[in-house]
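Here is what TrEMBL records for this protein:
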ACT_SITE  His98  active site, tele-phosphohistidine intermediate
ACT_SITE  Glu201  active site, proton donor/acceptor
BINDING   97-104, 110-111, Arg147, 201-204, Lys212, 228-229, 272-273  substrate binding site
SITE      His271  site 'Transition state stabilizer'
Amino acid sequence: MAATAFHQASLQSRGYFCDSRLSLENGNATFRLISKGFKLDIAVLRRGNYCSRKRSFSVIKASNSQTTVFDQVSSPSNGGMSVSRKKSNEAALILIRHGESMWNEKNLFTGCVDVPLTKKGVEEAIEAGKRISNIPVDVIYTSALIRAQMTAMLAMTEHRRKKVPIILHNESEQAKAWSQIFSEDTHKQCIPVVTAWQLNERMYGELQGLNKQETADRYGKEQVHEWRRSYDTPPPNGESLEMCAERAVAYFMEHIEPQLLCGKNVMIAAHGNSLRSIIMYLDKLTSQEVISLELSTGIPMLYIFKDERFIRRGSPVAPNEAGVYAYTKVCGVFRVM
């Protein structure tokens, strides 16, 4: 197994964190994903030191068997957390669509209107947190909208490491100065949270606040379906999925992907269309394939970034006593059992 060396994270000028160095010994390595009914075995060649922008993506088919992606996080002992290191140079990317919002409940077009979660949405966020409770998280990205931020914060209340998510405020020098942490021990027990409007839901223009059924009755089901599900047709004065993808993927490539390249485990709490855009990029989906991709609220999806590859997503359930993560696959997309 290749040796790894990790160094303390430092804040970069563009607002993301990156290990100063991630060293790997050259050699052959095998990654195995053990799941309930599925198995992934990938042999890869380690390439030594890296923290670059080079990328390649692989989509893998599953057969039978099981594995752990990370060492299990142990229970608290003597008032502290004992956490195992990652077994190799793999990094986790967790994607979570926010829980049900108050306008989801009312069947209204929401878009970029800043609406909070319902009670059900809160419960979905907490359940999502339980499913990722053993996966280390080094940095969190959310949209600028409260429903995504609530989802991330509530999910982290269930995490075994008990680190505290801290929203970074870089909008002014005063904001940065006033939000400083002056205890190194406290700083080590925090997870930085970066908010970005580029990860917002797509802007639904003149449909925002309208009832979906009443809008279909007014404009016709086919027209509304085209506004909601086509790739390049925007609603009146709004964004198409293509336009949403331009901003979301550009942000992912510039700010989030470098974190993964440096070995950081990243969680993104965002929205149906911004996450579909990122998944389109990761899985190399066509414009026709992405429009049929549906993401459930509050269901986490997991990618493993290993040796410059993103390995096909899964949806983790809290591991069993042996520390094994469980996955299931429905219609080509991994979902929770």
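Indices start at 1 and increase along the chain as displayed.
Backbone N, Cα and C atoms are what each Cβ position is placed from, and that goes for glycine too.
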Whole-number Å value for how far Glu100 (substrate binding site) lies from His271 (site 'Transition state stabilizer') (Cα to Cα):
11
What binding-site residues among Gly111, Arg202, Lys212 are found with a C-alpha within 10 angstroms of that of the residue listed as 'active site, tele-phosphohistidine intermediate'?
none
Check the binding-site residues Gly111, Gly272 for other C-beta atoms within 10 angstroms of each C-beta and report the one with the most.
Gly111
Among the recorded positions Arg97, His98, Lys212, His271, which residue has its Cβ surrounded by the fewest other Cβ atoms within 10 Å?
Lys212
Using only C-alpha positions, which one of Arg97, Glu100, Trp103 is spatially nearest Glu201 (active site, proton donor/acceptor)? These are the binding-site residues in the record.
Arg97
Using other CB atoms within 10 angstroms as the count, which residue among the recorded positions Glu100, Glu201 scores least?
Glu100
Enter the number of other CB atoms within 10 angstroms of the CB of Arg202 (substrate binding site).
25
